[in-house]
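K.L.:
Got a structure for you, questions after.
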Amino acid sequence: MVKKNYNEAEPKDAEIVDVQKDGFEDTVPVERQVQRKLKQRHLQMIAIGGTIGTGIFVSSGASIAAAGPGGALVSYLLVAVMVYFIVMSLGEMSALIPVSGAFTTFASRFVDPALGFTLGWIYWAQWAISIPSELTAAGFIIQFWNPDFPIWASSLIIIVVLFCVNLIGVRIYGETEYWLSLVKVLTVIAFIIVGRTFDNSSTKTGILVDAGAVGGQAIGASSWQLPGAAFNQGALGIFQVLLFAFFSFGGT
């Protein structure tokens, strides 16, 4: 019997490890434990891509329309600060106590098992709601280019592919997450570049990606200069956009 020590090398497949969980020791064969086959590049890109939720692609225009550009910016900054401190706290606890469990493990250990139980089911409910909404959003996007293709068919194909990827193995999962996250990052960069205002000697062309409009007039910061447009609906607009902002940070 070998005690688990995170400072030592991983034991061989034939060895048995004692795992302590919730005050009880349990004997688990190594071959039945989680396989650590994700590379550093997988983890880095998953972390970056995980901060980009569906809301940033689908609901950005609705956020600006509801609260104005200033109100939307304030809402996203508030959520970003909250997410930053939460992630930093989780990182510190994970570095202090590297356990093979979800964040609910820390809630059970530092607060109460009831809190960990509650957080686990809340997290499940959050994804049970988020995944169907994201699949529906993907179906709407695909239907934009192919109006005759039903939304339910697009959602079914995507969920089957994702389900199969999760069944194949952790290495395939890591590669799939890596490339899909890279596509998301490149898409955001492309939106930022295409959304810039271009100016040359002959014409001024502004491309507003959220609206899909291309014209001969430079838009620039004109939305901030309209009377009452920067902070549309005031504080009420900011609180309305908080929902979109939280959804945009989904996965973080």
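Cβ coordinates come from backbone N, Cα and C, glycine included.
Okay, these came from TrEMBL:
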- 42-252: domain 'Amino acid permease/ SLC12A' (DOMAIN)
- 45-67: transmembrane segment (TRANSMEM)
- 73-98: transmembrane segment (TRANSMEM)
- 149-169: transmembrane segment (TRANSMEM)
- 178-198: transmembrane segment (TRANSMEM)
- 230-249: transmembrane segment (TRANSMEM)
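In the displayed structure, how are the listed features positioned relative to their neighbours?
P.N.:
Non-local neighbours of the transmembrane segment (45-67) in the same chain are 74-76, 83, 133-134, 137-138, 140-141, 174, 177-178, 180-182, 184-185, 187-188, 210-211, 223, 231-233, 237-238, 240-241, 244-245, 247-252; each lies 6+ residues outside the stretch with a CB under 8 Å from one of its CB atoms.
Within the same chain, residues 6, 51, 63, 67, 106, 109-110, 231, 238-239, 241-242, 244-246, 248-249, 252 sit at least 6 positions outside the transmembrane segment (73-98) and bring their C-beta atoms closer than 8 Å to a C-beta of that stretch.
Long-range neighbours of the transmembrane segment (230-249) within the same chain, counting only residues 6 or more positions beyond its ends whose Cβ lies under 8 Å from a Cβ of the stretch, are 51-56, 59-60, 62-63, 65-72, 74-76, 78-80, 83, 130, 223-224.
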